[in-house]
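Mind looking over this structure? Questions follow.
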Amino acid sequence: MKQSIIIALFATIAVMACLQMVAAVPAPVPEAAPGPVAEAEAYASPEALASPEAEPILGIITSLLKSLGKK
């Protein structure tokens, strides 16, 4: 009986220590996501259109414009 009380006491102390450690860590502050206008402005800059990553997108746009112009 005395042994189980001591084990329960140590378990309670361990749980309290874990809860204290969890409560001491501050929660991360979520960053605000950029708005759609700011994101669109970033993609519409001349530097973004001149980058090599934009070549496939520009190819799709030019082919769509060519196909629409033929009709």
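Glycine is treated like the rest: Cβ placed from N, Cα and C.
So Swiss-Prot lists these for the protein:
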SIGNAL    1-24  signal peptide
REPEAT    24-27  repeat 'AXPX 1'
REPEAT    32-35  repeat 'AXPX 2'
REPEAT    44-47  repeat 'AXPX 3'
REPEAT    50-53  repeat 'AXPX 4'
REPEAT    54-57  repeat 'AXPX 5'
MOD_RES   LEU68  leucine amide
What same-chain residues lie close to the repeat 'AXPX 5' (54-57): Cβ under 8 Å, and 6 or more beyond its ends?
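Here the qualifying positions are 48.
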For a quick check of packing: other C-beta atoms within 10 Å of the C-beta of LEU68 (leucine amide), how many?
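I count 8 other Cβ atoms within 10 Å of it.
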Note the mean pLDDT of the repeat 'AXPX 4' (50-53), expressed as a whole number.
78
With DSSP helix as H/G/I and strand as E/B, how many residues of the repeat 'AXPX 4' (50-53) fall in helix, strand and coil?
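For that range the per-state counts are 3 helix, 0 strand, 1 coil.
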